[in-house]
Amino acid sequence: MQTLLVPVIKDLPQLLNTSPSNATWVLTSTLLSGAVATPIMGRLGDLYGKRRMLITSLAVMVVGALISAFTSALLPMIVGRTLQGFAMGAIPLGIGLMRDMLPREKLGSAMALMSSSIGVGGGLALPAAALVAQHTDWHALFYGAAGLGVLSIGLTLLTVPESPMRAEGSFDLLGALGLSAGLVLFLLPITKGSDWGWSSATTLGLFAAAVVVLLLWGLLELRVAAPLVDLRTTARREVLLTNLASIMVGVAFYVVSLVLPQLLQLPTATGYGLGQSMVVAGLCVAPLGLTMMFTAPVYARLSARYGPKVTLILGLLIIAIGYGGGLGLMSAAWQTVVTSVMLGAGIGLAYSSLPALIVGAVPASETGAANGLNTLMRSIGTSVSSAVVGMVLANTADHVGGVAVPTMHGFRVSFLIATAAVALGLLLALFLPRPNRQAASQLRASSEEEANLARAAEVLRGFRGRVLDADGAPVARAKVTLIDRRGRQAGATLSAEDGSYVLAVPAEGPYVLAARAAGHGPHASSATHAGDDRPVDLDLSLPGEAVTA
């Protein structure tokens, strides 16, 4: 949703018959609603069902896309784009569903792919949107988004089960309103500061108001029994450092998305522009998203062996190398592809590590809200990145015929800013604590463990006891046979060295347990099993030595 209109940004004032400053609200509204919806939908999913809220998020997005598809007026377009921001809530809800429903060995790669989908969608949407915008009516972008939303809802209904996990308590409405107000007050001056002026009374006043509102919201959350965001959990070292590192990764991701398309489309007459079309520029940046997608299985293997902390550090190192090398790879289109691939690999590993670190640090009942907050941190990083890079490019631009043209110096400074953000993220990652050994116990068992648990459950739904001789001593390797009411064998086993045995029952009803062993006479006992999960204890006493003919 955030990159859907990137190919037509410069044309929005004309398309909507409005001023450039008003046209930017079409982008800002989606960012603000996505930031607000992400933690709220995550908490609603914890309380009332993650699948239900996932479908709700997608349905709201579809409605918003259809509103935008049928209008060319500014106000309805802003309303539609605001509703489209609710799609951001799908990320934490999807991760929460995976944690609750997938076996442990599949969880890493699944969460990695889901977490990276933000970048994958953005990277692939850019060339696709450029192709559509260049050859058809720009409203087709919204029809396409609505169609994908309907398809996603259908697939969710058909293939995704609801999680049985529920958090206790009720929805913190006052906390949701407070967080929404604080986020809007904070993100609004970040996105509009370049238009209003960073030192203007409006910008500074909104920042001050955001600080006050968020402080009051924090005090409220500490007093509420079931808060929207558990700040005590958020303040844990592993959660706090992961969220701060998420901001840095968000900054790093968005810098390349802002710089490379402009560099590629600038005319060659500037001396450094690469003179590519909108579609070719999108295709050159597309490997960023594709590489992020293909790193998911790589992350799963690395994380399983070394842990998500190590993969986060590795990802940040690759991003740093990508931006450092990218400073000298700006003179040809193929060089931007190399930069995109390198950065995609690093960002993919980093994005994949973040939800795994959060999942391992919070209770299962808080997964949706915690990952919602983490996704919000990444969104804040992209917002800050957009504002800072926009300011850098504006202040270093050359003015030709009244038009501001970004310079190579501005592009390189932007890459250096991204490198500094990655360095700070790397420092934060180094101070992350060792993975909690108890984290695995909070996750669903692996497929092998589930099979063992199923077999154990069958044993619990049966008979157990010991085979003893006439003096009460255990009899080893006695054969115990289970016979149903029709006289058929329903099961058999040998007693252990201590004489113990266990036999599962296929159904409730009366049974006969027959035991025999060398040197002992046979013995049979009748017993009835009610069919519940409780085992029936029954010791089998064999008589003395058997009489042989």
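From the backbone N, Cα and C atoms, a Cβ is placed for every residue, glycine too.
The domain 'Major facilitator superfamily (MFS) profile' annotation in TrEMBL covers 1-437. Taken from TrEMBL, the feature region 'Disordered' applies to 522-549. Feature annotation from TrEMBL assigns transmembrane segment to 23-42, 54-75, 110-134, 140-159, 196-220, 240-260, 280-300, 312-334, 340-364, 376-393, 413-432.
In this chain, the transmembrane segment (54-75) does not touch the transmembrane segment (340-364); fewer than three CB pairs sit within less than 8 A of each other, excluding pairs fewer than 6 residues apart. Where the transmembrane segment (23-42) meets the stretches 54-75, 140-159, 312-334, 376-393, 413-432, the count of C-beta pairs under 8 angstroms peaks at 376-393.
Secondary structure by DSSP for the region 'Disordered' (522-549): 0 helix, 11 strand, 17 coil.
Counting Cβ pairs under 8 Å that are 6 or more residues apart, the transmembrane segment (312-334) and the transmembrane segment (413-432) reach 3 or more and are in contact. Using a cut-off of 8 Å between Cβ atoms, the transmembrane segment (140-159) and the transmembrane segment (240-260) share fewer than three residue pairs, counting only pairs 6 or more apart in sequence.
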